[in-house]
Amino acid sequence: MQFVLFGPPGAGKGTQAKFLSEELNVPHISTGDILRENVKKGTALGLKAKSYMDKGELVPDNLLIDLIKDRLSQPDCRKGFLLDGFPRTIPQAEALDEILDDINKKLDGVINIDVGSGELIRRLSGRRICRSCGASYHLVFNPPKAKDLCDSCGGELYQRDDDKEVAIKNRLDVYVRQTQPVLEYYKKKNLLIDIDGEKEIDEVTADVKAAIRKLA
């Protein structure tokens, strides 16, 4: 089975991706992993991508699409795949349609882990990091024993700038602007499966599982 996975920062997408990959026995493929792997191996596509990454530039669509096509053509994708981080735009979604046509596959579904902005801000803004050892805590989900102090080394805990509410809102705004048209694209194709990501992790997983079973 072939799926694409969407979810904003803080939605628990990584947890569900791990479950889905194991449940379906298919590889979890993220664009970040593909880029890192090709750069590490020094492939022709990887070297091209590295030339952009070294300059701090975005890897252009045509190169990213070639990398995706190459990865989806690998033997471990014969039984299916879980694609994460692609497509992010309508042209990329259309390119994915063409790739799948070329390899005689089709998407079974597009899973969107949906969480409201208020809950996402609560989840993301609660993170605290130790200045000394880098240990990570969360004021709600994994609080330190003593306020503002690291359990491991006693170092001071602080909130990173990108975990502050204004920065989080900006990240979420960018995510919504970027992905909403793509979600609409898949909704029109009757492929979109919205999952309530505000429930407990086990409940979200159960809902994802139920959605997959309906398609099997």
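Using the three backbone atoms N, Cα and C, a Cβ is placed for every residue, glycine included.
Keep in mind that what you see is a predicted model, and the values were worked out from it rather than measured.
As annotated in Swiss-Prot, region 'NMP' covers the listed stretch 30-59 rather than the other ranges in 30-59, 60-89. In Swiss-Prot, the ATP site is described by Gly10, Ala11, Gly12, Lys13, Gly14, Thr15, Ser136, Tyr137, Lys199, and among Arg127, Arg213 the residue recorded at this site is Arg127. For the binding-site residues Arg88, Arg160, the ranking by surrounding Cβ atoms (within 10 Å, all protein chains) places Arg88 first. Nearest Cα neighbour of Gly12 (ATP binding site) among the listed binding-site residues (Phe86, Cys150, Cys153): Phe86.
Take the binding-site residues Gly10, Gly12, Gly14: by the count of other Cβ atoms within 10 Å of each Cβ, the lowest one is Gly14. The average per-residue pLDDT of the prediction over the region 'NMP' (30-59) is 90, rounded to a whole number.
Here the Cα atom of Glu57 (AMP binding site) is found 25 Å from that of Gly14 (ATP binding site).
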